[in-house]
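**Student:** I'd like to ask some things about the structure below.
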There are 2 protein chains.
Amino acid sequence: MQIIHTVKELREWRKTAGKVAFVPTMGNLHEGHLALVREAKKRADNVVVSIFVNRLQFGQGEDFDKYPRTLQQDAGKLADEGVAVVFTPDEKELYPNVEQRYNVEPPHLQNELCGKFRPGHFRGVATVVGKLFNIVKADVACFGKKDYQQLTIIKGLVEDLNFDIEIVPVDTGRASDGLALSSRNQYLSKTERAEAPRLYRELQKAAEAVRSGSVAYLQIEKEVVRSLSEAGWTVDYVEIRHAQTLEVARAGDTELVILGAARLGNTRLIDNLEVLLS
Amino acid sequence: MQIIHTVKELREWRKTAGKVAFVPTMGNLHEGHLALVREAKKRADNVVVSIFVNRLQFGQGEDFDKYPRTLQQDAGKLADEGVAVVFTPDEKELYPNVEQRYNVEPPHLQNELCGKFRPGHFRGVATVVGKLFNIVKADVACFGKKDYQQLTIIKGLVEDLNFDIEIVPVDTGRASDGLALSSRNQYLSKTERAEAPRLYRELQKAAEAVRSGSVAYLQIEKEVVRSLSEAGWTVDYVEIRHAQTLEVARAGDTELVILGAARLGNTRLIDNLEVLLS
């Protein structure tokens, strides 16, 4: 496995790499990331994993500086998975002018759901992903459904800006008690970790209500918020949306996703659940 | 020469096209465009010229509907130049959702100079060029210095968003009396056409003043505005800027460009002149 730090070297390697699948990450890898890598492996001759903690997608007061940098452990895991290249540029390599002057600007969806609580986040994601797509020139890229809004925005920018890459959504990896795998789980205290699966359980309850035919989406959302709040969570949002467009769901929609974001102590967790009605 | 209308067909052709040079246009081709094509030919196995009147870069009240569509004549000229492919998608092919939701957003420069008079223009240019770059995947693209601000913005987005393409600036083609070649020249009346070269002559005078050592840029700019106004022009702007960044020029800068935009009757003409001080 090669560890490559510069755009130039990566481009040189790319010339003879055949079909390439790409998994962009910020490192601090867990089983959820490795599931993306395994999906990627199935689809190409070579897998590139990028590890880059992208300042652009962190807001003020967010944890950019404290974000765990664990390159050595990450590289070990990726070598074991048969990854061809770890691309881990430093900040000067991706932002040589410090300021990113040209940005990929997503539509209003960037200011809804998680975007409402993280101004500028999805612009930062869209821009760095656009940059990485242009650098890696992969044929396929894998993104987790855990970050459902991010996945939707990536699919949108690929379609709208004509990137020649196939986006493969990968199911959310979960602990045995249902908690979605996330780098942030490591910040949970023992008590919080025991409480954390409630988010997924509540989304499941909401999904059950939807599947049983209720279109009282607002009421279903409120019920989840109430349950979580009573259990000590601070809820950012719980929303039922159209699974493809992430527009507010309307009665009659058959492809839905229920998304939630809520904080336990200082840790913000997100999760979601697709509901396909027949 | 092939005329290709769809992204899919172009991508198929691209797979075996070797080194490709790209010239994006809105059609209605004149000698200035053909000079770009000739530069492109020197640099690649195959030249792709796109012809697409890009609604996104026209403002309200601008001439999108009246913009001349002359595909047959254009194709004849390009065949004579040995172009391999004319890519001429319809609007639905490039904007299948009608609305372009994800945009390439340039920095504040997009609102200065011509951008001040054409809100949204450079966002529309940057976005369609980003799309076309992703579709054509050329190794090289040629842009005229006539649209100097556009060229600067294209160079910026390529650098900032890591497009893997070399941008080749091509000198402005001029009529024997100095008038910069432009599709808009055909709108000039006989009297206006005789008057039109004054813009370039005035820029040359300004360049002479700069070359002779004056750093009274504001005064030099005002002098050009005064001369043009007295001759019946409506001046949008005349500005001396840094040739690379297009930031406002400061005494001591050695790479400068003098840019002007002014209207004769209903026709808006632009021109510019680089001044390199040693």
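Just so you know, glycine gets a Cβ as well, placed from its N, Cα and C.
Heads up, TrEMBL stuff is auto-annotated, nobody curated it.
These numbers come from a predicted model, not from an experiment.
Feature table excerpt (TrEMBL):
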type     : residues                                : note
ACT_SITE : A:HIS33                                 : active site, proton donor
BINDING  : A:26-33, A:144-147, A:GLY173, A:181-184 : ATP binding site
BINDING  : A:GLN57, A:GLN150                       : (R)-pantoate binding site
BINDING  : A:GLN57                                 : beta-alanine binding site
**Student:** Give the number of CB atoms, excluding that of A:GLY32 (ATP binding site) itself, located within 10 Å of its CB.
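**Tutor:** Looking across every protein chain shown, the total is 20.
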**Student:** Can you give me the Cα-Cα distance between A:LEU29 (ATP binding site) and A:GLN57 ((R)-pantoate binding site) in Å, rounded to a whole number?
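**Tutor:** Cα to Cα, A:LEU29 (ATP binding site) and A:GLN57 ((R)-pantoate binding site) are separated by 18 Å.
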**Student:** Counting distance between Cα atoms, which of the recorded positions A:HIS33, A:GLN57, A:GLN150 is nearest A:GLY173 (ATP binding site)?
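**Tutor:** Of the recorded positions A:HIS33, A:GLN57, A:GLN150, A:HIS33 has its Cα closest to that of A:GLY173 (ATP binding site).
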**Student:** How many whole Å apart are the CA atoms of A:MET26 (ATP binding site) and A:GLN57 ((R)-pantoate binding site)?
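**Tutor:** Each residue's Cα considered, A:MET26 (ATP binding site) and A:GLN57 ((R)-pantoate binding site) end up 11 Å apart.
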**Student:** Just the number: how many Å between the Cα atoms of A:GLN150 ((R)-pantoate binding site) and A:HIS33 (active site, proton donor)?
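**Tutor:** About 15 Å separates the two Cα atoms.
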**Student:** At 10 angstroms around each C-beta, which of the binding-site residues A:MET26, A:LEU29 has the fewest other C-beta atoms nearby?
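**Tutor:** It is A:MET26 that, of the binding-site residues A:MET26, A:LEU29, has the fewest other Cβ atoms within 10 Å.
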**Student:** Could you state the CA-to-CA distance between A:GLY32 (ATP binding site) and A:GLN57 ((R)-pantoate binding site) to the nearest Å?
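**Tutor:** Per the Cα atoms, A:GLY32 (ATP binding site) and A:GLN57 ((R)-pantoate binding site) stand 20 Å apart.
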**Student:** Output the one of A:HIS33, A:LYS145 that, of all these recorded positions, has the highest number of other Cβ atoms within 10 Å of its Cβ.
**Tutor:** A:HIS33
**Student:** Quick one, of the binding-site residues A:GLN57, A:GLN150, A:SER183, which Cβ has the fewest other Cβ within 10 Å?
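**Tutor:** Looking at the binding-site residues A:GLN57, A:GLN150, A:SER183, the Cβ with the fewest others within 10 Å is that of A:SER183.
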**Student:** Could you check which of the recorded positions A:HIS33, A:LYS145, A:SER183 is the closest Cα neighbour of A:GLN57 ((R)-pantoate binding site)?
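**Tutor:** That would be A:SER183, the closest of A:HIS33, A:LYS145, A:SER183 to A:GLN57 ((R)-pantoate binding site).
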**Student:** Looking only at Cβ atoms, how many others are within 10 Å of the one on A:GLY173 (ATP binding site)?
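**Tutor:** Total other Cβ atoms inside 10 Å, all chains included: 19.
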